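Asks: Before I ask anything, here is the structure I am working with.
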């Protein structure tokens, strides 16, 4: 790897971006090219608009959340030269994640045949650099797909894997089927795929006695990282909660719930910038060969980190 970048991953990047919606049925959208295959699920896409070829990152939303709640985070990452794809996996969550795993697998397979039809004509997706990521239950789903749970396989190789405060159920022994965590250290066989796990310091804390913590001990980011093999990174933001990387304005009952059900920090912007910056630094290192930002973060000398890092662990 090289260390030549002058970018600050925690600030907006140099690329102009646009936010697109791709509906799952051409009949729903007059602008959908009639000859282009529609995706299995409705997609929110953040893309650079400058001419070029860009790596692709799929982001899976958390439990009972909407993909639109991640628009500010997606635009931050996209402004550094990445195409972000966020499928709306469901309207009503099922008792297990089987449908989410299937929908994610189908959407990944769709990328190679359909994505380029919906992007600006001067923008080309580079699917040889594909990242699968997810938040909360979506993080668990991302790991499940990468681990080929339920027999999933695809010609599209996952270049890097990211879990943003991933959660595998409500407690150890109460995992959402199919379980991902095995409680065997370094048991995830991901064929040396680089992994990033981001945790929230307040995720393990219940907001009130009537609801459990949003990222309960025993099924959260710590266990996911413990089961990773190298290369793997684990960073935890102190004093910020499980939903603090979402947009400032999340509307509707689910949007209000993201503020009311989880223990939160004082504001969302610092955590959102932290998550976006860590993701950018990780992608720069493992997709572009430029580890300058990641090394500065690891060495504690990056002046732009917007939160206090509570924990930082690396398996090489």
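Glycine residues also receive a Cβ, built from the backbone N, Cα and C atoms like all the rest.
Reproduced below are the annotations present in TrEMBL:
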ACT_SITE  136  active site, nucleophile
ACT_SITE  165  active site, charge relay system
ACT_SITE  242  active site, charge relay system
Asks: Measuring CB to CB from residue 242 (active site, charge relay system), give everything in the same chain under 8 Å that is also at least six residues away in sequence.
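Replies: 136, 165, 167, 200, 202, 203, 213, 214, 215, 262, 263 - these are the non-local Cβ neighbours of residue 242 (active site, charge relay system), listed in sequence order.
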Asks: Which has the fewest other CB atoms in a 10 Å radius around its CB: 136, 165, the listed active-site residues?
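Replies: Ranked by other Cβ atoms within 10 Å, the active-site residues 136, 165 bottom out at 136.
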